[in-house]
Amino acid sequence: MEESKRRVYLQFGVLLLIGCFASQLFASSDPIFYESFDESYEGSWIVSEKEDYNGVWKHAKSEGHDDYGLLVSEKARKHAIVKELDEPVKLKDETIVLQFETRLQNGLECGGAYLKYLRPQEAGWTAKGFDNESPYSIMFGPDKCGGTNKVHFILKHKNPKSGEYVEHHLKYPPSVPSDKLTHVYTAILKPSNELRILIDGEEKKKANFLSSEDFEPALIPAKTIPDPDDKKPEDWDERAKIPDPDAVKPDDWDEDAPMEIEDEEAVKPEGWLDDEPEEIDDPEATKPEDWDEEEDGEWESPKIDNPKCETAPGCGDWKRPMKTNPAYKGKWYAPQIDNPNYKGIWKPQEIPNPSYFELDTPDFEPIAAIGIEIWTMQDGILFDNVLIAGDETVAEVYRETAWKLKFEVEKEKQKAEEAAAGDTDGLKATDGLKGYQKVVFDVLYQIADIPFLSGHKAKILDVIEKAEKQPNLTIGVIVSIVVIILTVLFKLLFGGKKPAKVSAGTSNTEVAETSDTQGGSEEKEQDEQEDKEDETAARRVGKSNLLSKFTKNEFSLESKSTIGVEFATRSIHVDDKVVKAQILAD
């Protein structure tokens, strides 16, 4: 039990520290929109008041850890909720990344877990009136029911000639992961007309918006269409073959001969019991005492197999078996010959398509709101970390920091549950601290492999390798190593300067940070300004519950560096709790 608690605290702690430093990394490039759901959605996301949508949304923790999300709390219900953006997001002439996480905590047998990116609505529309008729620009995400199992990508594109909006579905989309872990879905729209679909950061589909091979129907209509007024001539003969009119049935062709006849050469097996029935009355059966022949009819004993027939070749009347009739020919048909009047399959003539237009790049409608409008037979669907960005790197950083470690922790928990349940086919869970040590360092190595960090990879790997070689690692030491490595990462990237603020969801968590470093008045003012920015960054992370749980016996003011990196100690105050994190000294 104690070991289990230690493992859980380690999960919480590492998630917290990754989140804290992620907030500073995120600040380097502002996402266009980001919603972490660390705080309640109420007041920001609006629940539809349409009668059909009676499913209840909840602000809830993801199963097994303290990461909050937006939860579908009822099954067999329609759910609808929408978030209007401050400014519409234009999808022209630049890269746009759409990304969000879902966790199907109770699986998904029939239902959707996708997002709708709404275009600007007509005058008079309100968020409370959001429903399936609300026009969208893009629909993206998992959908599964019966034979359907795919990650949708649907683009609604306006035909400039007809003025009609047409749904264009991505052909051969990837399937939905079948487990109950958190997965992150990414759609990257490039100005080169390229679309990339990623699941957990791995490319699953690449397409071109203008290719008829990738979208159904194609965005660019055909130049010509069949003439709807053209009619097939009455004398048009489409038969390639016809019965030979000159053929005659042979005189010896007997259409009445049966397909099978009795085998006259068959002989009844010796020992056949002609007088014995195959079934007899059960001699041990008795009429029930409450049997009323006036109401129930005459009672009959149930039948059983005749035991005498078990050793005999057969019982009852013997009949010759049937065999194929060699004289059978069946019904006669005249042989087929080429039709001299054959003209081919008739098709209407092609005429110019009045809806045809040429297109260099899709005319995407702006995104004015993000909505979730689904019907599902399963509850427990959790949405989290909804992101719109203009840079693939920003989305990658969010995946590696906000999603990756959370996913690894969930996967380790799943392995442990499989092992505990005696699942011999599943992977065995790694015991104790060593298992979580491996998880932490695996994730740190993956962070070092992020392409935009390639210039600093050698320095980052050096710190990780030194930390990994330390003997007698404890939970506190591992967490300290994470702090130091992420601090190194931060300093390598930004040189100790505070980056720009992130546009993210609001939080009411009260977090203050003070520094033990003393200096002149100018330095003090600078420190105070940095502390305020630290406070803002910590508030964006919104992990106060994790932090509160992680304040027990993990850090000490007297801690010393054991991995060849000098550090100072800074106190982070959360409510009445204090956590002392080891920070690199200047």
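Including glycine, each Cβ sits where the backbone N, Cα and C put it.
For 226-251, the entry in TrEMBL reads compositional bias 'Basic and acidic residues'. Within the chain, the compositional bias 'Basic and acidic residues' (226-251) has long-range Cβ neighbours (under 8 A, six or more residues past its boundaries) at 332-339, 341-351.
Sequence-distant contacts of the compositional bias 'Acidic residues' (252-265) (same chain, at least 6 residues past either end, Cβ-Cβ under 8 Å): 320-325, 327-332. What TrEMBL lists as compositional bias 'Acidic residues' is 252-265 (among others).
The compositional bias 'Acidic residues' annotation in TrEMBL covers 272-283 (among others).
The compositional bias 'Acidic residues' annotation in TrEMBL covers 290-299 (among others).
The compositional bias 'Polar residues' annotation in TrEMBL covers 504-520.
The annotation compositional bias 'Acidic residues' is assigned in TrEMBL to 524-534 (among others).
What TrEMBL lists as disulfide bond is CYS110-CYS145. Long-range Cβ neighbours of CYS110 (disulfide bond) (same chain, at least 6 residues apart, Cβ-Cβ under 8 Å): LYS144, CYS145, GLY146, THR376, MET377, GLN378. CYS110 (disulfide bond) falls within a strand segment according to DSSP.
Per TrEMBL, region 'Disordered' is recorded for 219-321 (among others).
What TrEMBL lists as region 'Disordered' is 500-540 (among others).
Per TrEMBL, transmembrane segment is recorded for 473-494.
Below 8 angstroms of C-beta separation, residues 300-306, 308-309, 312-318 of the same chain, each at least six residues beyond the ends of the compositional bias 'Acidic residues' (272-283), sit close to that stretch.
Counting residues of the compositional bias 'Acidic residues' (290-299) by DSSP class, helix then strand then coil, yields 4 helix, 0 strand, 6 coil. Taken through DSSP, the compositional bias 'Acidic residues' (252-265) splits into 0 helix, 3 strand, 11 coil.
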